[in-house]
Ligand code: ATP
Ligand code: MG
C-alpha cells in the first residue's frame, strides 16, 4: 500500500488490537483507486467515539453525536467515524441523531454514492458491496439504492453528486440524474451554508463546465439561493475555460457576468452567507473587472484598483477571452513598476506637515490638499520628496 495510507495502517492495527473493526472509507479510497492525490483519510470503525478516545491519547472531538473523532497519530490526523445508520431523516436533511452499529456493510449502505461506499482494510483488500469499483472505472456517479429515496432522505446529496461531476469529470447515471430532476425542490430544506460549501467545491473542480451545465439541465439552480434568475450568466460561465482561476476569481467573473450594479452584486454574494470580507473582496474584483471590459489599464486605474487586484483582474479578463495576452500583462506590469506611489501612505508628507506649513487650523482642506499632491505625484508633475512638496505647498495659494 502506498502513502498516505501506509502511515495510517498502524492506526487501523491499534483499533483492531482492541477488538474493533476499522476500514479506510469515503473519498480517500475512491481517489486512491483513481490515482488522484489524496487530501484527508477517513476511517470508519466499529468502536464508538468514547472507545476511540480510550485507545488514542491525542484526539479532538469533531462531532461526537455524529460519531466523529479526530485522532492525531505520528504527526498525521485522521477522522474516525463510528459505523452508523441513518434511519430517521427529518425534513429532508441529515438526521440530528444517529444510531451506532457494529457492521461496516450497513455503514457503507448509508453512504451517498457507490463510488463513496467502498471500504479498504489494512491489507489493501477492498470491500465493495455496491459495485462502486465498477462505477469508478466506468466514471459513473450512482446513488447507493434508489436515487429518489436517497435524495429525499438528504437533499444535499443532489448537489454533492453534481460537484463530484465537476471534480472528477464523471457522468451521472440516468436514474441518479432523474432523481435530481424529480427532487430538486427539496434543496430548499438545506441550510444555505452547506449549499454554498458545495458550490465552492463545484467551482473548484476541473470540470466546472459540466458541473454548471448540470445545475442548469436538472434545473436545480432554481432552488439555490441567489441563482434562480441567473440562468444566462450560469450558461455563459459554463462555456468558459476557467480552471486557471482561483475560487474567488471565479466568483468575481460570475458576478461580472450577472451585469448588475455593485449593490446588487453584494446582495447576490451575501445570499450565500459568505463572510463580509469575502463579499467585499469578490465584489471589488468584479467591479474592476467590469471596468477592465470598458477600458484598458491606465496609471490612474491601476493606482485606484491596487496592483495585486489589477493583476488578478487582468488574469480573469484573459481567462474570459480564453487567450494568454502576455503583451497586456507586460504593459500592466510596466504601469505598476512606474507607479511612484501605491497609496496615500506612501506620500512623504503628513497632514500635520501641511497644517504646520500653511499655519492653518486642521479641517477638510488637509485631505483636499493631500489628494492634490497625490494626483500631481502620480502624474509625474511633482517629486515625492518632503522638501519638494513643501515648496510646492507653500507656493500654491489654492488652499
Ligand atoms: P472529498 O474528496 O470532497 O473530501 P468525500 O467523498 O471524501 O469527497 P466528504 O464530504 O469528505 O466527501 O465525505 C466523506 C464520505 O462520507 C463520503 O465519501 C460519503 O461516503 C459519506 N458522506 C458524506 N456526506 C454524505 C451525505 N450527505 N450522505 C451520505 N453519505 C455522505
Ligand atoms: Mg473527504
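Backbone N, Cα and C atoms are what each Cβ position is placed from, and that goes for glycine too.
TrEMBL: automatically predicted annotations, no manual curation.
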Worksheet, complete the sentence: Given that TrEMBL records 27, 30, 154, 157, 160, 163 as binding ATP, the matching residue among 102, 111, 122 is 111
Practice prompt. Just name the most isolated of the binding-site residues 30, 160, 163, going by other Cβ atoms within 10 Å of its Cβ.
Written response: 160
Discussion item. If you count, for each of the binding-site residues 40, 154, the other Cβ atoms lying within 10 Å of its Cβ, which residue has the minimum?
Written reply: 40
Practice prompt. Enter the number of other CB atoms within 10 angstroms of the CB of residue 27 (CTP binding site).
Written response: 17
Discussion item. Just to verify a number: CA distance, residue 40 (Mg(2+) binding site) to residue 27 (CTP binding site), in angstrom, no decimals.
Written reply: 8
Worksheet item: Once the DSSP letters are reduced so that anything not helix or strand counts as coil, what is residue 42 (Mg(2+) binding site)?
Response: strand
Worksheet item: What binding-site residues among 27, 111, 157, 163 have a C-beta sitting less than 6 Å from any atom of ligand 1?
Response: 27, 111, 157
